[in-house]
Amino acid sequence: MATETDLEELRRGSELVKRGFAKMQKGGVIMDVVNREQARIAEDVGAVAVMNLEAVPADIRKRGGVARMADPASLTGIIEEVSIPVMGKSRIGHRKEAEILQAVGADMIDESEVLTPADDEYHIDKREFTAPFVCGARNLGEALRRIDEGAAMIRTKGEAGTGDVNQAVHHQRNIKSAIRKLEGMDYEERDMWARDHEAPRELVHETAEMGRLPVVNFAAGGIATPADAALMMHHGCDGIFVGSGIFGAENPEAMGRAVVDAVNNHDDPERLAEIASNIGEGMQGDPNADLPEDERMQDRGN
């Protein structure tokens, strides 16, 4: 059995170690939480980790303004409350927010488009940190650029806070389709693809040879029901992030437990039917097609 020291070493250190910690979350559900009470509920219903932020994405959309890193005291309080990993969000390009999150003990940092970007041109150099990072991607080029910067986990961007899974599906299909195309290319064609998509050529070749991303790939953005979670697992995701879909639901405990069960039984329709029954209404959603262009969080970062 791993000791507390062993787990700490798995969380922090070399690229291999950081990727290893991220891989430990594979097959699980990571839930957004804004306080200790929500974190405790998430742990009780089976989340493998929680993501702390000052407001869930749906509420960030409603209130507008600048969305920033949560109060570090919120994260430390949650760390004291639960035994599962606790993650925190920083703004894209905001190195100091990431340094603060690392300093207070975040197990992983999400350089997230859900928050207002601090830098429109550059992401954080994640290789310089000991804490692992997760980043969003809409396509394979974005995913490989984030991995080259040091991301230990990729997630679909989707369209957070909408309750509409459409864009998460689209992004996952984009990534899988591009990988299949790379697998059918020869060495020179892969080099050309890397140039055309501004992707690191070594990672392009590694991805083609593996037939998948070299890091774990989770689904995120608009996942609001057990069926949504099962769908993303069907499309080959390694796990699920759920934001507004849990605590925006009528019965967060029932919804959270159902999403976890759906991930574990995503290939069993009869079991999924049982899981999805009598859990209360899900969050109120907004179709992605109705979003004004300036409200599309997925377009932040490149």
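Going from the start of the chain as shown, residues are counted 1 onward.
Placed from the backbone N, Cα and C atoms, the Cβ positions cover glycine too.
Features reported for this protein in Swiss-Prot:
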type     : residues                              : note
ACT_SITE : Lys89                                 : active site, schiff-base intermediate with D-ribose 5-phosphate
BINDING  : Asp32, Gly161, Gly222, Gly243, Ser244 : D-ribose 5-phosphate binding site
BINDING  : Arg173                                : D-glyceraldehyde 3-phosphate binding site
REGION   : 276-302                               : region 'Disordered'
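Annotated features taken from Swiss-Prot, shown on the structure.
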residue	record	CB count, 10 Å
Asp32	D-ribose 5-phosphate binding site	30
Lys89	active site, schiff-base intermediate with D-ribose 5-phosphate	26
Gly161	D-ribose 5-phosphate binding site	27
Arg173	D-glyceraldehyde 3-phosphate binding site	14
Gly222	D-ribose 5-phosphate binding site	31
Gly243	D-ribose 5-phosphate binding site	30
Ser244	D-ribose 5-phosphate binding site	26
*Expressed to the nearest Å, what is the distance separating Ser244 (D-ribose 5-phosphate binding site) and the residue listed as 'active site, schiff-base intermediate with D-ribose 5-phosphate' at their Cα atoms?*
15
*In Å, how long is the longest CA to CA span across Asp32, Gly161, Gly222, Gly243, Ser244, which the record gives as the D-ribose 5-phosphate binders?*
12
_Cα-to-Cα gap, the residue listed as 'D-glyceraldehyde 3-phosphate binding site' vs the residue listed as 'active site, schiff-base intermediate with D-ribose 5-phosphate', nearest whole Å_ = 25
*What three-state secondary structure does DSSP assign to Gly243 (D-ribose 5-phosphate binding site)?*
coil
*Should Lys89 (active site, schiff-base intermediate with D-ribose 5-phosphate) be counted as helix, strand, or coil on the basis of DSSP?*
strand
*For Asp32 (D-ribose 5-phosphate binding site) and Lys89 (active site, schiff-base intermediate with D-ribose 5-phosphate), what Cα-Cα distance in Å is obtained after rounding to a whole number?*
10
*Name the secondary structure element type, per DSSP in three states, that contains the residue listed as 'D-glyceraldehyde 3-phosphate binding site'.*
helix
